[in-house]
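The annotation active site is assigned in TrEMBL to 136, 329. According to TrEMBL, the domain 'Peptidase A1' annotation covers 118-446. The region 'Disordered' annotation in TrEMBL covers 58-79. Positions annotated as signal peptide by TrEMBL: 1-26.
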């Protein structure tokens, strides 16, 4: 029996209404399984970039890491050094240049830094020696520990790099262009570098050049880096650091002829999956915002202009963001916002989570929930708005920071003062391809690029 016109019309109306609310649901909240926020004990390789110049990213403490971990730090321990790093970045932002021979970076003696927990493997020397290093957009000079460790080396997984076994290794001499540009001291005829990470943790050694290999077909001769002879209290397990900052000492600048000062990365959703770091042409699908000039040229300043929660933009004056300024940083874990902006975000987010029991806050994070009794939950969407119209819609893993099922927290924190630098941290960058197009002066975002 055929339906009457009235019945057919009613069915169509209900269907359209259903489609409307389904579309609305996607713009106002995420429906997620609670266990999807938790890491696994098994490594899961996520989809990666198909471009040739690509390195695999893993979390140094996860099952995908090439560094064996006898004990995994807790989520709380992973945040221990976030505040010192943030304080340092904020000081650097407000200072045109350092008057010291050493560049100060925050750390605590004998403990791991909140300096970047994401690692890649690159090759140094001829023949190349594969070394696992932390990569960091907040630093420019790359360095590795080197034999003979004249003063001190910490323990690392890979054999320590021995420059005497590389036919292409050279110390940088005093008076050379490289030594003058980096502006470090000299010992005899050799140029020295020194980076202090606070609390007497440091790396000091020879400024050197050697061949850096990213892929078998991509070797860069004469790469300037630090060959560390005194390395204390730093990145236990890893061989050193790969600097991806904006200035002339960084990998980005030193490989500009090949890659046009363009690189991108996608950080994995959890510590048990992988992401990628790619050099060269970027995704055309990314939404770009201009890079702003920075008092410290090696930081990636962008113009954050607003925040939306649950599909509605919050009533935050743009001046709140412009007064402080904002950078994108791979090493900071939790995004820092001006106190006015964070207060508005917290209020709106809590209003969208009233159906769930709150849990005690922890350290940096003051908005937490006990989700242990739930299989799925609805989390309000959060979107960051930037100059030029770029938007970054965060996945649920980029909104929440998980201590346990009983303590799942809003992964943002407020700065102490309105003028303190805002920072887009790596929690909010998860599964997003972040494109740094330094040549064209812009940063782009493409959501859902890795899982």
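Glycine residues also receive a Cβ, built from the backbone N, Cα and C atoms like all the rest.
A TrEMBL annotation is a machine prediction, not a hand-curated record.
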So which residues does the region 'Disordered' (58-79) touch in its own chain, when a touch means Cβ under 8 Å and the partner is 6 or more beyond its ends? 39-45, 112, 114, 117-119, 121, 132, 134, 157, 237-238, 268, 270-275, 333-334, 362-364, 401-404
DSSP, reduced to three states, assigns residue 329 (active site) to coil
Three-state secondary structure, which DSSP defines for residue 136 (active site): strand
How far is it from residue 329 (active site) to residue 136 (active site), counting Cα to Cα, in Å? 8
Grouping DSSP H, G, I as helix and E, B as strand, the residues of the region 'Disordered' (58-79) number 4 helix, 2 strand, 16 coil
Cβ neighbour count within 10 Å of residue 136 (active site): 23
Averaged over the whole of the domain 'Peptidase A1' (118-446), what is the pLDDT? 93
